[in-house]
Amino acid sequence: MTFFSPEFVLAFLAFLIVYWTLKNHIFAQKILILLASYGFMCSINPRFALVLAAYSAFVYFAGVCIARANRVVAKAIPPAKQSSHKKKLSRKAAAKQMSAAKQAGIAKQVQKAGLAKQIPLPTAKARAVMLAAVAGGLFFLAFFKYYGYVREFFNAALAALHLGAVDSVAFPLGISYYVFMSITYFVSVYRRECGEQGFLSLACFLAFFPSVVMGPIGRASAAKGVEPVLPQFDRFKHFGNADEIYVLIIFALVKLLLISGYLGAYYSDVISGVYGDEPESSVAQILAALLLYGVVLYTNFSGFIDMARALGLAMGFKLPQNFNMPYAAKNLGEFWDRWHISLSTFIRDYIYIPLGGSRNGFARTCVNLLIAFALSGIWHGAGLNFLIWGLLHGAALVFLKCLAKVGVKPLNPHLALFCTYIFVSFAWIFFANSLPDAAAILSAFARARAFGDISELAVLAVILAGIFVYPKISALKDTLIALFAELPFLPKALVLGMIFTLIFALMPSGIPNFIYAGF
């Protein structure tokens, strides 16, 4: 069952009727959300629901252990002393206190409470439990994601216990997302950014059906530019902006059914012709397909995210924005501020900054970037091609930092936009099924039948022109929301009906698969 199937639409409408009938009963709403979420997961694969339930139990008990280990305050950051002649904090004392807070990872709490107050430090025991919980979550993810690499060792252990071998393990949908969400919870409890949660709220947070399969990665507590999802389960809800919901659904349908559907078919046709000794595709076709693959990936992924956000708003939840016009970026750093935002901010807050971020000199900053993006590549897949993809992005960011350090001026904005898009499109080659497939695509340029005829060159020219047109539509979503807000009910219903009818009339047969579900 997908968000776009008739069965899901009917089930969701029935769910909403019951859900809003219970609007004054938070506990009952959470029960309903949990039942709907596990029903949705069971419709995909009942075993995936069992895996999710087992992991949710682990997260709950780990959170309890972290919170209990933190209840006995072994040490506290003392209040910064004030100077005798002025009622102001001593700069030296304030700096010392903030340094201690940063080492403990609770600088935000110190800033919020004020430097003149005593701030409890997380205990060493709580830190050990938190790290063990994070390690347990990562092991859980790695077992399913990389089972093919450890199968022999695992089966040898089973044989020693006189148990049967396990040839393969199905990769549970959504596991990459809900494991990362659990890590935000472990760290938040450790830092006292959120309290220990009850099992029901936590299970709803991890299994929430609008976002469980494709994200975005929800947070347990607030972060820079990111609104937390977990606290929303224990609040009274209000139906979201209906006009925003309509526009998000329209964007989701256009992106996924039309753009991703047709361009994805073109990409598949061209790339399927590059394998073999004599590729059927021309150089122009291969270039066009590679430039379009990023568009296919973006419209497919962001289309599902738009639908998830629309469903969340209809339930009174605000899910984090995951994309912000990524191909309008004029450098690679800006691209990562706009692309898969919930993942890039997770990498920033839970990998890059704990490694030291940019606090320990230029060389260490570059190393931290490479490590963070290498891990990002590994998160996407077990193959060497994904590691190469991550290192390409990390190395490019290091290169840009080196240029800035020696005083090289940024490129002209239009040229910077073009170069960023070309680099990102080239790197997407390593999202192929395997490294040999990526190598076959690269070598196809030398083996292609011809450079291309007039029609193929025209298609390539249109795509290149589209790179510069795309940033011009940045305000389209807000403009449409404002226009719908001005329309009376009946004209609005008529316009929506016409739009949906047109989309479904123009769409290709079938609903495209969610590409990111396998990551």
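Yeah, the Cβs are placed from backbone N, Cα and C, and that goes for glycine too.
Keep in mind that this is a model prediction, so the values were computed, not measured.
Here is what TrEMBL records for this protein:
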type	residues	note
TRANSMEM	48-67	transmembrane segment
TRANSMEM	128-149	transmembrane segment
TRANSMEM	169-190	transmembrane segment
TRANSMEM	245-263	transmembrane segment
TRANSMEM	283-301	transmembrane segment
TRANSMEM	361-380	transmembrane segment
TRANSMEM	415-434	transmembrane segment
TRANSMEM	454-473	transmembrane segment
TRANSMEM	494-516	transmembrane segment
Surrounding residues of the transmembrane segment (415-434) on its own chain - C-beta under 8 Å, 6+ positions past either end: 290-291, 293-294, 297, 327-332, 334-335, 380, 383, 385-386, 388-389, 392-393, 396, 441-442, 467-468, 471
Recorded stretch, among 128-149, 169-190, 283-301, 361-380, 454-473, maximising Cβ pairs under 8 Å relative to the transmembrane segment (48-67): 169-190
Most Cβ pairs under 8 Å with the transmembrane segment (454-473), selected from 245-263, 283-301, 361-380, 494-516: 283-301
Selected stretch (most C-beta pairs under 8 A with the transmembrane segment (245-263)) from 169-190, 283-301, 361-380, 494-516: 494-516
Same-chain residues near the transmembrane segment (169-190), Cβ under 8 Å, at least 6 residues beyond its ends: 41, 44-45, 47-48, 51-52, 55, 59, 62-63, 66-67, 70, 105, 122, 126-127, 129-130, 133-134, 137-138, 140-141, 143-145, 147, 196-197, 202, 205-207, 211-215, 217-221, 229-230, 343, 346, 350, 379, 517-519
